[in-house]
Amino acid sequence: IQTLLSPQAISNVCPTVLFVLFCFPWSALFSHILHLVFQVVSFAPFTLFPTPVPKAVFSQALAVQTHYNTLVDKISQDADFLQEALASTIAVDDFTARLFKIHQQILKEGRSQVRQHSPDDTGVRGSSGVLTILLDRHILKMAGRLEESERILDNNPAAGLARAIAKAWELYGSEKAVVAFFVEDVQRNIFDQRFVEYELWKRNIHVIRLRFEDVFKAGSLDQDKRLFVHGKEVAVVYFRNGYMPDNYTSEQSWDARLLMERSRAVKCPDISSHLAGTKKVQQVLARPGVLERFFPDQPQAVQQIRATFAGLYTLDMGPEGDKTVSMALAAPERFVLKPQREGGGNNIYGSEICQVLEQVKESTERTAYILMDKIHPTPVRNYLMRQGSPLKISNCLSELGVFGAYVRQGKDMVTNECVGHLLRTKSSEHSDGGVAAGVAVLDNPLLF
């Protein structure tokens, strides 16, 4: 990789990168839409070269994914566990409390029989790596690295996610029903979503796009709780929106979410699976003996999952939470303070941990957070390709995420797959943030 970073190598490669981007404007790289006076399409940021990743670590991540799929499903069915795990959080965090209130109402009314979720670490992003694979392979070949180019793995999460959505649509049992992509008003990654959509169209499954406003104004349930929006029956709701407080701009937004959750439509994810992915649940799972609750006769699965955990600590009121506060204030550089939020850019680091905890350490407000050991990956030098940014070499840190697809009908597991991976890379000068937050860029692992 160091040889590839030489000025001469870069001058040979960059024109080819620009040519490929120009020739494939339909790709997932062109996934950011800037809404100005008119819509402008730009490519998503990416690394110029793939990042070396140990093969053993990569294989470990893929091997554990189906266990994580099963874990999320089991948690989503355990109402007592969710109540117990989230009790302190919903008392102080309004957003989680609103989600939990919907969850409780659905428990009273009864759930749909087909359940689907797609666990990953980002909130569901399925197709970003397709063209970056082609780019990385071509760049390595140009640099005379044929052997390395062949180590760039095929990766098409969109196909796997679409396969699971199609199975859920099939189990719903109505050929006239549609799949609804539930999206934001302003969509910055619409082309990323299109890859999943096109996979569904190949199967002759009709796809529509809905927003909160559409569901509130034109959505209804019939006597069998079938969901209709604009006159179309909805078999599957694929949530690409609704994971952050800012997504819910009014009470009408919450009413729309409740309507969808109450319906027979398959939700990806449904409200209980959404709650299963909260930071507080992650922290509770790290306690001794908790994983065994969900895998009582599978010690190997427990071991595989636990091997992926970082240290996680409660901030609940009491001696254990007090100990966590003292530990964080004494050495804030060792930890990350995490609120119950997704989307990147929400975590708190360094001296800011002290500022926040000093304000809330004697208050129940601290229970809205958890504390995690800070991970210290080895930096790798690379070029981060962004629109409008100068080409310069950076010390980079990477994060590997794995996509899973899971479908269950009643008590029968129908689909449980690992369907792909996502490597996100950012400059080491940034503490937090994903691709959508404008900090990280798309990348590919080069296994060694």
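Cβ atoms are placed via backbone N, Cα and C, with glycine included.
Summarising the annotation, TrEMBL assigns transmembrane segment to 12-38. The feature domain 'Glutathione synthase substrate-binding' is assigned by TrEMBL to 177-276. Marked as substrate binding site by TrEMBL: Q193, R424. The ATP binding site annotation in TrEMBL covers K279, 338-347, Y349, 372-375, E399, K426, D432. Annotated Mg(2+) binding site per TrEMBL: E342, in sequence order.
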Check your understanding: Which residue, out of the binding-site residues M372, I375, shows the minimum number of other Cβ atoms inside 10 Å of its Cβ in this structure?
Key -> I375
Practice item. Measuring Cα to Cα, tell me the gap between M372 (ATP binding site) and the residue listed as 'Mg(2+) binding site' in whole angstrom. Key: 15
Review point. For the binding-site residues K279, R424, which one has the sparsest Cβ surroundings, going by other Cβ atoms within 10 Å?
Key: K279
Review point. Which residues does D432 (ATP binding site) neighbour through Cβ under 8 Å, counting only same-chain ones at least six apart?
Key: G344, G345, N346, N347, Y349, V439
**Study point:** Minimum Cα separation from I375 (ATP binding site), reported as the residue among binding-site residues Q193, E342, R424 that achieves it
**Key:** R424
Study note, to complete from the structure: R424 (substrate binding site) sits from G343 (ATP binding site) (Cα to Cα, rounded, in Å) at a distance of 13
Revision key, fill the gap. Cβ atoms other than its own within 10 Å of the Cβ of Q193 (substrate binding site), all chains, total 23
Study note, to complete from the structure: For Q193 (substrate binding site), the spatially nearest of the binding-site residues K279, Q340, E342, using Cα atoms, is E342
Check your understanding: In the structure shown, which of the binding-site residues Q340, N346 has the fewest other Cβ atoms within 10 Å?
Key -> N346
Practice item. Within 10 Å of the Cβ of the residue listed as 'Mg(2+) binding site', how many other Cβ atoms can you find? Include all protein chains, please. Key: 16
**Study point:** Cα distance (Å, whole number) from R424 (substrate binding site) to the residue listed as 'Mg(2+) binding site'
**Key:** 16
**Study point:** pLDDT averaged over the residues of the domain 'Glutathione synthase substrate-binding' (177-276)
**Key:** 95
Exercise for review: Using C-alpha atoms only, work out the spacing between R424 (substrate binding site) and K279 (ATP binding site) and round it to an integer in Å.
Suggested key: 20
